[in-house]
Amino acid sequence: MIKVDSKKTVHSVANRFMKVNKGRNLIAIIAIIMTTVMFTSLFSALLSMMKSTQQQEFRMNVNQSHITAENLTYKKFTEVAKDEKIAAFGCSIMISQLVNEQFVNSATEMRYADKKGAEAVLCTPTQGRMPEKYDEIALSTITLDILDLPRKVGTKVKLQYTLGGKKVSQMFVLSGYWKGDPLSTVQNAWVSKAFCQDKMSKAAAPSLGEKETEGAYTLYIWCEDTFHLTDIVNEMEKKYHISDTYGRIYSNSAYDIFAEDSFPFDSVLVLLLIIFASGYLIIYNIFRISVNNDIRTYGLLKNIGTTGRQLKSIVRRQALTLSVIGIPLGLAIGYFIGLAMTPYLLSDNSAMGVITVQPSINPLIFIASASFAALTIYIGCQMPARIVAKVSPVDAVRINLEEKHKKSGKKTGKITPFTMAFSNMKRSWKRAVLVVISLALPMTLLNASYSLTKSFDYDQFLNIYASYDFDVSGITNSAYSSNMHAVSPEFIDEVTAQKDTEKVALIYNDNITYPLDDKGYENLKKIIDQAEKEKYINGYELEKEKKYLENREAVAHVMGLNREAYEKMKFIEEGPSYEEFAKGDYVIVSDLVQGFGTFYDPGDKITLELEKGKEYTVLAIGWMPYDLTYRFGAIETIFDCSFYLPVSEYTALGGSRNAMMAGIDVKDGKEKAYDQWLTQRTKEIRPSLYVESRLSVLDQCRGFAEKYYMILGLLSAVLFVIGLLNFFNTSSVTIMARRRELALLEAVGQTQKQIRKMLITEGLIYLLTAVLLADTAGMAIARPMILNTVGRAFFFNYHPSLAASFVCLPLMALIAVVVPIYNYRRMSKEAIVERLRND
């Protein structure tokens, strides 16, 4: 057999096939475009979401470095800064708090920072520069506005601060400023290095007290390896014993993309599999049909010496040519669709303000999308290419690959359009299976999407995250940028005086290091032992817990509640009345610590101390809803405890006069107007005071749910188009392949009406089989996928529904009728004799 090695000839033959199959080319290009669009929109939305979410978390943490070590002595700072794992670092030195009367409701810290230190906390001057001369200072626009000063370099700024317990007043010159972030509850005031060295005699002190901040160094660290930051933190703590001198080292959560609840990678994987499956189905079917139609030509080529490998190349060359056209178009369209989707996908993460969408133009988007699309196309055309390579030259010229000619017995019984349609489908059952699956996929997704709408329990969400019409606090998404004493008595009086205010719940908080008595020590020991046994904690975290235990200490929160707040408290059993709680001799202890036990039991005696101390009897074990409690657990330890007191007792112990949070209920129908007043008023008196309404919480909850509706809806729409293309292509090719058979039926007396009825029945069988598959196997497969992704939300109670597929039935039935009729009419334009002669 003559072997043809000319690549030019193979390419020429492939191009001839392309010219002959123009209809197939169009459908294939559309399919490739849509498959690429799905991949690209997914990857562009994914990376844009990751970038935007990370930027938002930088703002929440007020830090974009990888690791932060704070409250360090100069000696400890120089030791840690030399570590070999550090690629770059910056620093800042705490000098004092500004105490101008304008800062009564806004904390501003006077610090020195080098360039990298200012970059780390997102406070680099955008106008002017960092201070260089002794009396220069750089401030945020928020600080300038509070001082009622113009945003102009060279402005004189009079500031008051404390140093060594003494109040100092000094005039500075503004060297630069930057746009302040309202998400940050603490603003920075940068001073020069000369000023820092002159004023801070304690900056090089050998040690710092537990609550000392003057002269404390903060080290901002960048590492080459961002995937093992927690391990690096643990190594540095073990190596330098930072916590021994009241220092602290921690990684930036913004870089922990694989953390629990950080990003829905499992959902992305499911979407990738669905897109790959849908793209494969149509690409495979298109080339399978094309190969079947052209099999005689391929057989003739093989007869004249073309090798199987060269025939494979001809098929792949066609796929490559179509890909070169379809993939770039799909990349462009998909990228912009992904960017358009991103704001909606981020909508439920914007509780603390609008998230600025950060469009990602990472080349990885296009590389990954093009690679996945090309892989899908390559795999999709592999089987057709193998069929061409293996087919016998004689058989290829003689038969249709879809038909298996075997002798059958005499058939009896009534011949109906259904039996004829079913018989036709059996002859090409592989093609039928692909079409049914491609039609079942979008209906399965529609069923899943509608099931989601029935499964989210918004009331359950609101009961935990929105106890009142409005929550007012200084709490952000980060413990480090939150102000736990933001709600002043003056503001509370103003709110109470509003005519539409019905109820004001007040929650106060002070974090303390609680000295454990024997009972508390034994219970904490049991808790830590159980956590270690179950491998809940290990390594550095376990060592920290044991260190607290060794020191007979625990981190605790002393919280004050007024009557309105107490009404929201939950108890394991029936709780005591507020009158009993408010007698002044009782405390309520928080519920189970991470499920491992409690520090104390009802009836135990404990002593709480803020500025003053007093002994209390544990009245009950209880807890507050998430939105009315300290939300961050303990920063230094995992196992912390909350002690709830009446406001009168909390105040008597010397607790803060400012509340951590105020929950406000208003008269029905007044929510919108009250929201406008409350939002405007908080902006006027304190920019870092945040208002969260029940309606905004509900919008966040709905935003979480609606992004899944949008993703599944868009994916269903694209898959529906792909399924329709598959069905149209299959119907068209099948009718054209059977034109001789249909012409013979007409020649022996069967009417066109009967033939149309048979073809319509065939289309309806496709449809009904797809619906049946979607409603049975499809939903069975979808169930674990839903439960393992969105189903992890605590307010999700799965209620499967098949309503969407039944709603789609009329449209699908119309398509099942119109497509075969259209293809048959197009074929019928040719006379019966011509069809019999030309086949």
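Each residue, glycine too, has its Cβ placed from N, Cα and C.
Source: prediction; values computed, not measured.
Annotation comment: TrEMBL describes 26-50 (among others) as transmembrane segment.
What TrEMBL lists as transmembrane segment is 268-287 (among others).
As annotated by TrEMBL, domain 'ABC3 transporter permease C-terminal' applies to 270-393 (among others).
Here TrEMBL flags 319-341 (among others) as transmembrane segment.
Look at TrEMBL and you will find 361-381 (among others) tagged as transmembrane segment.
Feature annotation from TrEMBL assigns transmembrane segment to 432-452 (among others).
Per TrEMBL, transmembrane segment is recorded for 708-728 (among others).
Among the features that TrEMBL reports, domain 'ABC3 transporter permease C-terminal' is placed at 714-829 (among others).
According to TrEMBL, the feature transmembrane segment maps to 763-782 (among others).
Beyond the transmembrane segment (802-822), the same-chain residues lying 6 or more positions past its ends with a Cβ under 8 Å from any Cβ of the stretch are 439, 443, 446-447, 449-450, 724, 727-728, 731, 735, 756, 759-760, 762-764, 766-767, 770-771, 774-775, 779. Taken from TrEMBL, the feature transmembrane segment covers 802-822 (among others).
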Checking 26-50, 268-287, 319-341 against the transmembrane segment (361-381) for Cβ pairs under 8 Å, the most are found for 26-50
Flag the pair the transmembrane segment (432-452) / the transmembrane segment (26-50) as in contact if three or more Cβ pairs fall under 8 Å (sequence separation 6 or more). no
Take the C-beta pairs under 8 A between the transmembrane segment (319-341) and each of 26-50, 268-287, 708-728. Which stretch has the highest count? 26-50
Looking only at the domain 'ABC3 transporter permease C-terminal' (270-393), mean pLDDT returns 80
DSSP assigns the residues of the domain 'ABC3 transporter permease C-terminal' (270-393) as 103 helix, 0 strand, 21 coil
